[in-house]
Amino acid sequence: KEDGYLVDKTGCKKSCYKLGENDYCNRECKWKHVGGSYGYCYGFGCYCEGLSDSTPTWPLPNKTC
């Protein structure tokens, strides 16, 4: 299990605006294919705890965002 920023389909951080507890990020992190245990908004990106090892996290190699 790992912690990290979720990435969107472009490979950049999944954005959020309401910092701290954030229902959107929490829901996104807990999707079955993502496997996170908790999510919140930190630095305007959705940060997840307890992700499965197969879930990509930001920054991705060779991405400039």
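For all residues, glycine too, the Cβ spot is worked out from N, Cα and C.
Look at Swiss-Prot and you will find Cys12-Cys65 (among others) tagged as disulfide bond. Listed in sequence order, the residues of the same chain lying 6 or more apart from Cys12 (disulfide bond) and placing their CB within less than 8 Å of its CB are Trp58, Lys63, Cys65. In the three-state DSSP scheme, Cys12 (disulfide bond) falls into the coil class.
Sequence-distant neighbours of Cys41 (disulfide bond) (same chain, 6+ apart, CB under 8 A from its CB) are Cys16, Tyr17, Lys18, Leu19, Gly20, Glu21, Asn22, Tyr24, Cys25, Tyr47. DSSP assigns Cys41 (disulfide bond) to a strand. Among the features that Swiss-Prot reports, disulfide bond is placed at Cys16-Cys41 (among others).
Look at Swiss-Prot and you will find Cys25-Cys46 (among others) tagged as disulfide bond, backed by sequence analysis. Here the Cβ of Cys46 (disulfide bond) has 27 other Cβ atoms within 10 Å, regardless of which shown protein chain they belong to.
Residues or ranges marked as disulfide bond in Swiss-Prot (evidence: sequence analysis): Cys29-Cys48 (among others). Other Cβ atoms within 10 Å of the Cβ of Cys48 (disulfide bond), summed over all protein chains shown, number 27.
Per Swiss-Prot, the feature domain 'LCN-type CS-alpha/beta' maps to 2-65.
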Candidate with sparsest Cβ neighbourhood (10 Å radius) among Cys16, Cys25, Cys29, Cys65, the listed disulfide-bonded residues: Cys65
Structural state of Cys48 (disulfide bond), classified by DSSP into three states: strand
Separation of alpha carbons, Cys46 (disulfide bond) and Cys29 (disulfide bond) (Å): 8
Helix, strand and coil counts within the domain 'LCN-type CS-alpha/beta' (2-65) (DSSP): 8 helix, 24 strand, 32 coil
